[in-house]
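**Q** The following feature annotations were taken from TrEMBL:
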type: DISULFID; residues: 22-145; note: disulfide bond
type: DISULFID; residues: 59-65; note: disulfide bond
type: DOMAIN; residues: 23-165; note: domain 'Peptidoglycan recognition protein family'
type: DOMAIN; residues: 36-171; note: domain 'N-acetylmuramoyl-L-alanine amidase'
type: SIGNAL; residues: 1-20; note: signal peptide
């Protein structure tokens with residue numbers, strides 16, 4: 001029985017360490033996602049993290065962020081004809097991470113990188129200002145969480161969407177800010 005208790009204690013400590021690195025996660029069911037069937041990510045763990053902004057409304061409450069996720073999914077599925085929301089994860093300025101396609105699924109967020117990256121967006125427009133501290137912390141925690149869970153390579157590279165295709169995303173202010181984050185790659 002003592003051996004079982006020791007194994008249980010170690011397991012619980014390991015789970016606590018991983019969950020301490022993860023932000024508050026809102027599942028697809030939690031934000032009311034529509035059903036989708038997307039392809040598995042062929043290269044795992046993902047060697048790239050691509051940062052985005054939604055270039056839309058900011059959200060600071062659970063209800064507003066859930067509505068924003070439904071709006072983005074509707075635009076991506078109905079307007080773009082995609083199988084699902086394009087991002088793997090979105091972060092709100094309420095400090096929560098919203099499961100888009102989730103871990104291990106190929107996104108539709110950055111041509112040339114979709115089959116080897118996790119697409120992470122912050123909801124809002126960040127051309128002239130950066131996301132609030134809650135959103136920035138949640139985004140960095142989500143990257144650490146992905147590394148801890150084995151979904152993102154420990155030697156990953158971080159880029160802004162504009163480095164993958166001709167776009168203003170993730171906004172000038174936010175792009176300048178993520179250039180200071182660990183593992184930013186100026187020349188992907």
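Yeah, the Cβs are placed from backbone N, Cα and C, and that goes for glycine too.
Given the structure is predicted, the values throughout are model-derived calculations rather than measurements.
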**Q** Per residue, counting other C-beta atoms within 10 angstroms of the C-beta, which of the disulfide-bonded residues 22, 59 reaches the highest number?
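**A** In terms of Cβ crowding, the pick is 59.
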**Q** Run through the Cβ atoms and count how many others sit within 10 Å of the one on residue 65 (disulfide bond).
**A** 24
**Q** Can you count the other CB atoms that lie within 10 A of the CB of residue 145 (disulfide bond)?
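**A** Summing over all protein chains shown, residue 145 (disulfide bond) has 22 other Cβ atoms within 10 Å.
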**Q** Quick check for the class: what is the C-alpha distance, in angstrom and rounded, between residue 22 (disulfide bond) and residue 65 (disulfide bond)?
**A** 18
**Q** As a quick check of your reading of DSSP, tell me how many residues in the domain 'N-acetylmuramoyl-L-alanine amidase' (36-171) are helical, how many are strand and how many are coil.
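**A** Secondary-structure composition of the domain 'N-acetylmuramoyl-L-alanine amidase' (36-171): 40 helix, 32 strand, 64 coil.
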**Q** What does the structure give for the C-alpha distance between residue 145 (disulfide bond) and residue 59 (disulfide bond)? Integer Å is fine.
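**A** Cα to Cα, residue 145 (disulfide bond) and residue 59 (disulfide bond) are separated by 22 Å.
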